[in-house]
Amino acid sequence: MTNDSESDSEQDSESELEDHAGLKIRKLPVVGILLVELCERLTYYTLAGTQKIYLQNQLKKTPSTSAALNSVFNMLCYFWCVPGGLLADSIGRYKTIIAAGSIYAIGTICVGISVIYELQASLGWLFMLGSLVLIAMGTGGIKPNIANFGADQIGDEGYSFAYGSGAGCMILAVLIFVGFTGSYTMLPGNGLGPVRRLIRYQYYSVWHGGGWKAAMSLAGFLCLPLFYIVTLADTLLSASAEKSNTEVFTDPCAAPLTEAPPRMLHGGGGGHGVLSDIALALGSMACIFLVVANVNCTWVQELKQEVSFGAKDARQTFAAIPMIIVVNIAFNLCYNSMNNAFPSQACQMDLRLGTTQLNGAFFNIADAMAIVIFTPIFESCLYPLIARVKGSPVRLGQKIIAGLVMAAISNVAAAILESMRKDAPYLCGDAGFSQCAPGYSDDGAEGTRMKDISAFWIFIPFALVGIAEILVNPCMYCFSYEAAPLEVRSLIQALNLFFMGSVSNAFTAVVSKLLYPNDLDKGSLDNYYFVNAILAVIGIAVYFLITRCGDHGHEIRPAIEKELVVGPMEEDSPPDV
């Protein structure tokens, strides 16, 4: 009897694996979706990677303001993920993706027209409209829904299968990152009912026994829009008011040194103002309030009238917020260095390749290469090896901690390279000026000198960020999917993306105004890197606090609660040999 039962169990297991493997048979829809997502990501990263250089050299913005505007662009792209997730839960993901894709296409057309050489000066406003408004809205409608399309095609059981096995986890990472689905099927939306109920639970609990935690949670949510408003105002006002800010620039290779005409593209340090301080304070308050209030979120009170989305579901939703905030802010502040600081640093290193110069954004390829190379190594070799050594599978929490450590190391490595770059001599003579650094003129007669250190050294921090991405981002997508009740999965995935890209870039925009130097040779870019690395280390400490202290986790769905513990549990059994 036992043998028959075991045989039936094995057959069921084999059937389950065959069912999951069957998802891979639908090759034509898969190829179509991959191509669509490839085109969208190529457009996004092309603009994100070159926007700062275009703003500082063509639209004549200072480097610190250009970096802040680029962070605002990324911030807005992820900000629209929340409305995109809400809309998908209401009208369905298919309609949302189609509508967002159309807006995205219009935005790219606007940007394409505005960068025509003869029209650049007069159509700067169109560039801003296309990039900061239309493309941002389009991205926000596509990104949160593509990920859930892939997860929905697998289903809850398939998702656990994918996460629980080595090869399955690799498949999941690919699904999440490139929006793999069997086809664009019309899936019914869940409506805005659960979202409205979450708001009701929040407000009702403030006045009916939720205590100070309910009030603090509400205050955190209210601080977020204020944070955005002040950050936008600070960045846009600085961009419009900086034209009178000029400083004399001297060519270090001139003998003797002679003064060049005054230009606004060089200065000793980043900008600083009252609005920057207010924005930083509001953002910090919002994150601290939301984390503290929703650790052990027993403050959620039952509503008087019976509803299908109950208090338990609301607690599970709110309980996911601390993890989403802490990990995403700590990781993405380091990650965002890859968007502006790393390329800018490379632009003032030796970019020459034969008779041409590379663009600083080119070195972003090291991040992609690291992901492609190390993902199969981690999944097929490293994780199984670690599991055998420690006697239990590598947990989600352990991957996240390792990723945060790697992100901090990447910024420390960049700071060391920056110190080496500043100590290196200038490249004079036939080397010319850097074509992607501040102040480069169309005729090549003016600009910023490169330093005699190969720009290919910047591959190291880029690659380290790529390795950190492998460890952190798929785990956070998994957490957001598994920790969320079914009715609000799009919303929680959107919140994950919101803090991952939008809130973190809002912080980066403020920090750029405070610490990002307009002239890397005079300022201290390494301070910017060290601040990011320190915040990543603080994030690790806070992660341990929210996952190990008190009873936090009891409200999180059992599917994910155990995976948050960073260390083997007694009830774990050794992995199959």
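Just so it is clear, glycine is given a Cβ too, placed from its N, Cα and C backbone atoms.
Under 8 Å from some Cβ of the transmembrane segment (67-88) lie the Cβ atoms of residues 44, 47-48, 51-52, 55, 61, 96, 100, 131-133, 135-137, 139-145, 148, 189, 192, 195, 228, 231-232, 235, 238-239, 336, 339-341, 344, 490-491, 493-495, 497-498, 500-503, 505-506, 508-510, 512-513, 516, all in the same chain and six or more residues away from its ends. Look at TrEMBL and you will find 67-88 (among others) tagged as transmembrane segment.
Look at TrEMBL and you will find 94-116 (among others) tagged as transmembrane segment.
Long-range contacts of the transmembrane segment (123-142) within the same chain, counting only residues at least 6 positions beyond its ends with a Cβ under 8 Å from a Cβ of the stretch, are 40, 43-44, 47, 51, 54, 59, 69, 72-73, 76-84, 87-88, 96-97, 99-111, 113-116, 179. As annotated by TrEMBL, transmembrane segment applies to 123-142 (among others).
Residues or ranges marked as transmembrane segment in TrEMBL: 162-185 (among others).
What TrEMBL records for 206-230 (among others) is transmembrane segment.
Beyond the ends of the transmembrane segment (278-297), by six or more residues, the same chain brings 213-214, 216-217, 219-221, 223-224, 226-227, 230-231, 234, 315, 318-319, 321-322, 325-326, 329, 503, 506-507, 510-511, 514, 542, 546, 549-552, 554-555 to within a C-beta distance below 8 angstroms of the stretch. Annotation source TrEMBL lists transmembrane segment at 278-297 (among others).
Under the heading transmembrane segment, TrEMBL lists 318-338 (among others). Outside the transmembrane segment (318-338), and at least 6 residues removed from its termini, the chain residues within Cβ reach (under 8 Å) are 71, 74, 198, 217, 287, 290-291, 294-295, 297, 300, 364, 367, 400, 403-404, 407-408, 410-411, 414, 461-462, 465, 468-469, 472, 476, 479-480, 483-484, 492, 495-496, 499-501, 503-505, 507-508, 511, 528-529, 532-533, 535-536, 538-540, 542-543, 546-547, 552-553, 555-556, 564.
The transmembrane segment feature in TrEMBL is assigned to 358-378 (among others).
What TrEMBL records for 399-417 (among others) is transmembrane segment. Counting residues 6+ beyond its ends, the transmembrane segment (399-417) has Cβ neighbours under 8 Å at 327, 330-331, 334-335, 337, 341-342, 345, 457-458, 460-462, 464-465, 467-472, 475-476, 525-526, 529-530, 532-534, 536-537, 539-540, 543, 566 in the same chain.
What TrEMBL lists as transmembrane segment is 456-479 (among others). Residues 147, 159, 163, 169, 172-173, 176-177, 320, 323-324, 327-328, 331, 334-335, 337-338, 342, 345-346, 349, 360, 363-371, 374-375, 378, 396, 399-400, 402-404, 406-407, 409-411, 413-414, 417, 420, 493, 496, 500, 560, 563-564 of the same chain, all 6+ positions outside the transmembrane segment (456-479), place their C-beta atoms under 8 angstroms from a C-beta of that stretch.
Marked as transmembrane segment by TrEMBL: 491-516 (among others).
The transmembrane segment annotation in TrEMBL covers 528-546 (among others).
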Maximum Cβ pairs under 8 Å to the transmembrane segment (206-230) - stretch from the list 94-116, 358-378, 491-516, 528-546: 491-516
